[in-house]
Amino acid sequence: MSLNLAAEKQVAIAAVRRACVLTSSVFNKLVKNETVTKDDKSPVTVGDYSAQAVVNTILSRTFPDDPIVGEEDATDLRQESGFALRDRIIQLANECITGELVPGEKEEWGLGPNQSQSVDELLDAIDRGNYDGGSTGRMWTLDPIDGTKGFLRGEQYAVCLALIINARVELGVIGCPNLPVNGANPSGPRGCIFYAVRGQGAFQVPLADPFTTTPTRVSIPVLPGDQLNLLESVEKAHAKLSFNELVARELGVTRAPTRMDSQAKYCALARGDGGVYLRIPTGTGYKEKIWDHAPGSVLVEEAGGIITDSRGQPLNFGLGRTLGENYGVIGAGKDVHPRVLAAVQKVQRESPEEA
Ligand SMILES: Nc1ncnc2c1ncn2[C@@H]1O[C@H](COP(=O)(O)O)[C@@H](OP(=O)(O)O)[C@H]1O
Ligand SMILES: [Mg+2]
């Protein structure tokens, strides 16, 4: 049975859009600014905290009883050493919250010129992301800047929000400020929001105007082997890319892989930008976080795809803040997924040093 979730969807899209405006402006003000050195992580810290403050403020107003599993917590900002950072974050969050309403937004969501928040209110909002997760009831997952490395490079990153009910992802919204609106035209206009409610399909809307534009339904086309390519992380520490090469060979994939940071990969897969999402653990014991996969997985499933781990099991969003022991992630269209899974398992058997 499909839940309606119309109100949740509307609020989540609005929250993600606001957070994308905020993170884009942080990038333009701080990262492009010559005074920030290449290794300086402060823009991403400022962007992460303030975007989480904004999204959680909106969720607290609209769904006050829902817990939130968010990536950040405000402990560091409550110490004296964090006060300078805290003040920048509060200012940015309030600028974002008090921006004029756009069509589709409502003042009772805590948005608009009269809704400025106190320091304590915003720190408490950040800390509302400290829920431990679990297998029952409703909870939101939030990654305010997924793909922090991509954000700093001016490449792909995403603002990612999902609603999980009884361990099943029912709603996912992903904002991609730097993703081309049309995957076939990489130099064209950028900035999209993708969303899906389970049972209702997957959609793309422009980030600049998500409520008044007719949504485009996205789905994964049936692709012949020679048109497939692998969608994979940029960061070598996040996934075993040498394993992907062996799987590509096994599948007869001739196209070069597409490397991009963040859940923008799930979005690219969902709209048929030629791919198979493949994330094989590097063997460090790292556990995947639920906020890094919840919205992307429902989006791909609603676009007609399948998401499993390398055993062929569904991802388990009911174990807490992580997905538990890491068996990786495989995402592909329904027709292709069984072949990818078989190829992954074959490489695991035949090249155990890679598995
Ligand atoms: N060793 C590791 N293995 C797998 N994923 C990791 C990892 N270390 C960090 N990550 C996660 O990978 C995410 C980025 O995904 P991708 O590799 O697809 O771009 C990061 O999200 P953040 O950037 O929000 O921290 C982080 O949560
Ligand atoms: Mg992340």
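Backbone N, Cα and C define each Cβ position, glycine as well.
Unlike curated records, TrEMBL annotations are generated automatically.
Binding of Mg(2+) is attributed by TrEMBL to Asp143, Ile145, Asp146, Asp292, and within the candidate set Glu8, Glu71 the record adds Glu71 to that site. The Cβ of Glu71 (Mg(2+) binding site) lies under 8 Å from the Cβ of Asp48, Gln52, Gly129, Leu142, Asp143, Pro144, Lys289, Trp291, each of these being in the same chain and 6 or more residues away along the sequence.
Look at the binding-site residues Asp146, Asp292 and count other Cβ atoms within 10 Å of each Cβ; Asp292 has the fewest. The Cβ of Ile145 (Mg(2+) binding site) has Thr23, Val44, Gly47, Asp48, Ala51, Phe151, Tyr157, Ala158, Val159 as same-chain neighbours under 8 Å, each 6 or more residues away in sequence. A Cβ distance below 6 Å to any atom of ligand 2 is met, among the binding-site residues Asp143, Ile145, Asp146, Asp292, by Asp143, Asp146, Asp292.
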